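Asks: Before I ask anything, let me first share the structure, which is written out below as structure tokens.
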Amino acid sequence: MPLNWKTGGLLLGLVFFAAVLLVKPIGVSTQFVILDGIIADAVNPELVTQTDEGYTSTNAYLAKSGGKYAKSVANPLNYSFVFVIAMMIGGFVSAMARGGIPREDRSVPALWRANFGGSPAKRYAAAFLGGFIVLYGARLAGGCTSGHMMSGMMQTALSGYIFAAGAFLAAIPVSMMMFKKEA
Amino acid sequence: MTSILLALVIGAAFGAVLDRVGASNPTIINKMLNLTDLSLAKAILLAIGTGSVLMFGGQMLGLVDVGHMSVKTAYVGVFIGGLLLGAGWAIAGYCPGTGVVAAASGRKDALFFIAGGLLGAAAYMVTYPSWKASGLLDKIAGGKVTLGTIPGAKYEGLTALPGDILGIVLGLAFIAVAFALPERLVGQPAQAQPAE
């Protein structure tokens, strides 16, 4: 069972506050680009190159804003990339400490099972498609639920409000159409 | 090195809390998005409000460095990207951060989410020049702006209202909405709600 919303919300708020107090606001989706860059640069070392001023790339997206993404690709041991690795460690330890995810939920979550059956292949296909759309959208928007919605609205950023409006305007109808049966 | 240590500590705390509030469980995400169980929405609203009140309060007391703020640019693509992310969030039940945590906690479908996500991010990297040329990435309403004008911040305000006080007021409003929101907006509860 999850924490009740008051304890959970307070803890989540404290983490977002700690991040901006000690370093900078939390964000995640950029790191998918950085990992793509690391993989692509391993295959083709011409992708990211060092210049007199820093780093650049043959890919226009990695090269934008003075090559800041190119720099992260060349130096993966940076704050934001390590942050996401640490999230995985924290998520793993927390899940193990509460006994792990129930076996049947590991491939097909309960609400999905109630609406679309227990086929893992179907669920995996939807998760893959959803992942593609989520990250394409997050990069177009310049951030995701963490960076735009939570960190952004917390800082009263106009962009955070625009993002949240778009996200819920699409997410609520899609979810209501897809998940009519209750788990 | 300090920054790497901080990344490890704050990142691990964030991952653990996402797991504990249920944000990395697709069932809980879609019960929120189809409006049948808003507990997670209440937690998120409370978190945004708490973060806001502490950050702006800390700034006013001089305890929090205003320079740590990082405000993203507003442009039309933020809205379009938000729509896409929202649709995918409902389909998969994961967003980028929660998908990563879910995979680490043992959810196999989240591995497929991450694979799709890496491909989606790569597709954006390749198509970025067309978006750039379309003008949809051009800043609107001043770009990197906050709703009020925050003393000492490098960002402009959309209004001349004092941004730190506005931040605290909005933060309190988020907390109030978190408490006011019913547990459920759609359909009939399966059983009577116990009195609190």
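From the backbone N, Cα and C atoms, a Cβ is placed for every residue, glycine too.
Okay, these came from TrEMBL:
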type	residues	note
TRANSMEM	B:39-61	transmembrane segment
TRANSMEM	B:73-91	transmembrane segment
TRANSMEM	B:111-131	transmembrane segment
TRANSMEM	B:161-181	transmembrane segment
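What's the neighbourhood like for these features in this structure?
Replies: Listed by sequence, the residues of this chain that lie at least six past the ends of the transmembrane segment (B:39-61) yet keep a Cβ under 8 A from its Cβ atoms are 21-23, 28-29, 31-32, 150-152, 163-165, 167-168, 170-179, 181, 183.
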Asks: What residues in the same chain, six or more past the boundaries of the transmembrane segment (B:111-131), come closer than 8 Å to it by Cβ-Cβ distance?
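Replies: Distal contacts: 77, 92, 94, 96, 99-100, 102-103, 137.
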